[in-house]
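Accompanying notes for the structure given below.
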Amino acid sequence: MSLRDTLKIPAAEITDESVYRERRRLLAALAASPALGLAGCADADPPPPPKVTITPEQARSGFRTSETLTRYEDVTTYNNFYEFGTNKADPSRAARTLRTSPWTVAVGGHCAKPGRVALEDLIKGLTPEERIYRLRCVEGWSMVIPWLGVPLADVLKRFQPTSQAKYVAFTTLADRKQMPGIGYPALDWPYREGLRIDEAMHPLTLLATGLYGKPLPQQNGAPIRLVVPWKYGFKSIKSIVAITFVEKMPETSWHDAQSSEYGFFSNVNPNVDHPRWSQKTERRISGTASKLFAERIPTRLFNGYADQVGGMYAGMDLKKWF
Ligand SMILES: Nc1nc2c(c(=O)[nH]1)N[C@H]1C(S)=C(S)[C@@H](COP(=O)(O)O)O[C@H]1N2
Ligand SMILES: [Mo]
């Protein structure tokens, strides 16, 4: 029996006191080990989310910022989209040929009305709104981007998630013919992400269809991508083809690749450093300043959206649940 299997035995089934004590010891060792922290351990669940309600005024206060916008040119040529290569300039060159129409999204799992729907139908009747959000990459750079999109909550409600839907899992297209990066094992394809259901339903969480008043360029995740402004950029999954309501915390690509460095929550937090670099500051790519000499500014808790989202994490140890 492997170490992981040992840990999956429910405590109630263990009668032998010494076995029980051994399990406690293993759990403690795992919790202390950076490579196998409890956030990556299958039998540890995070605390249940507190019940919080956010007023429409509170939500709206996060919809815009007056900070200098990142130039369109920079937003669309300095990208992370590993399906098209791992260099920042790769996606803008290689993603141009991605066919984004027709586009179908499969919505399923714990919901009353699952279905495979055309993108047009997924967002039918919803008017894209402009949201000016900060985007903070876990690598230590940030942008200010005027997105166009619809609240994810408005889309999800149409499928009538059941009470078993505790999390929402998202999947990106993985088409070897169109995506040259899929030929390399940079990540375990398809790219997967996830949110707790309250995070998914939060008014700041956007399904983006455009930026700068135009349709989303392929390199930015056309035709539809997630934008979760208080989390590190890798949570904002691009070119989504599947949305699944699940009961257990879903596996996500970066957590899967390196669970000691990338947690499920990945809330922007200057007080929790990445094991290999500080998260206290960020390089803000904005205005006409060159990216190389971009100004270093302090990183803010929840990327400056604490007023809007802090309540969802009340009582949660943000160092453990990073
Ligand atoms: N499918 C997919 N989604 C992805 C990524 C990716 O490689 N593949 N990169 C993520 C990362 S690390 C960041 S910082 C943002 C970047 O979004 P942008 O290029 O539109 O600024 O997309 C995220 N979404
Ligand atoms: Mo990122």
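Cβ from N, Cα, C; glycine included.
As given in TrEMBL:
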BINDING   Asn79, Tyr82, Glu83, Cys137, Thr172, Asn220, Arg225, Ser236, Ile237, Lys238  Mo-molybdopterin binding site
DOMAIN    99-254  domain 'Oxidoreductase molybdopterin-binding'
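Annotated features, which come from TrEMBL, shown on the structure.
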residue: Asn79; record: Mo-molybdopterin binding site; DSSP (3 states): coil
residue: Thr172; record: Mo-molybdopterin binding site; DSSP (3 states): strand
residue: Arg225; record: Mo-molybdopterin binding site; DSSP (3 states): strand
residue: Ile237; record: Mo-molybdopterin binding site; DSSP (3 states): coil
Close-lying binding-site residues around ligand 1 among Asn79, Arg225, Ile237, where CB distance stays under 6 Å: Asn79, Ile237
For Mo-molybdopterin, whose listed binding residues are Asn79, Tyr82, Glu83, Cys137, Thr172, Asn220, Arg225, Ser236, Ile237, Lys238, the greatest C-alpha pairwise distance in Å: 19
Binding-site residues (Asn79, Glu83, Thr172, Arg225, Ile237), the one with most neighbouring Cβ atoms at 10 Å: Glu83
Rounded mean pLDDT for the residues that make up the domain 'Oxidoreductase molybdopterin-binding' (99-254): 98
